[in-house]
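Enquirer: Submitted below is the structure of interest, expressed as structure tokens.
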Amino acid sequence: MFRNSYIQQNSDIQAAGGLVPMVVEQSARGERAYDIYSRLLKERVIFLVGPVEDYMANLICAQLLFLEAENPDKDIHLYINSPGGSVTAGMSIYDTMQFIKPNVSTTCIGQACSMGAFLLTAGAPGKRFCLPNSRVMIHQPLGGFQGQASDIEIHAKEILFIRERLNTLMAKHSGRTLEEIERDTNRDNFMSAEAAREYGLIDEVINQRPA
């Protein structure tokens, strides 16, 4: 039911020399095996792992929409471990997170850098978390283009537009002023989990689940 959604993640894990664990469920109908990610999706858990790119973004958006259709009133949990990636791919995930009815809780495991940090901060207010040894990094969008001077100018204007839009949204979700965001994203800005909380990118650093 869910397995095809994780073909890319499974392939990435296998390429790194690992195997995707399988879990077996027993019911009155017999046994059924799931890969671990598909089983967690049944619990409304989505993983955003690795660089943010179009194929991954399409899978994340599809899973968000599917879980909304399953239950529009129950939270979705998005776990993020990403170095960042494509702005347009990331914005498709962001827009879907804001569009659907369920709250999307975000949790950083490992790292949330660049677009990963932006999506972490875009979680539902009060439901944005980091594990204690996570790292968060914010910066301005990167871009490069070769060609005629007129084309370079067009792309430079687009990058400036994207930067302003990202900064505006980051200010909205973090509670910081636009001027602060512009200043603090001028260069790579790495933060500990606690520093990310103080800055407003997340709401809480969690060491373990509540009893």
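Glycine is treated like the rest: Cβ placed from N, Cα and C.
Annotation comment: Swiss-Prot describes S114 as active site, nucleophile. Residues or ranges marked as active site in Swiss-Prot: H139.
Help me see these features in their spatial surroundings.
Expert: There are 27 other Cβ atoms within 10 Å of the Cβ belonging to S114 (active site, nucleophile).
Cβ environment of H139 (active site): S114, T185, N186, R187, D188, N189 lie under 8 Å away, each six or more residues apart in the same chain. Annotation note: H139 (active site) sits in a coil segment as assigned by DSSP.
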Enquirer: Looking only at DSSP and grouping its letters into three states, which state does S114 (active site, nucleophile) belong to?
Expert: coil
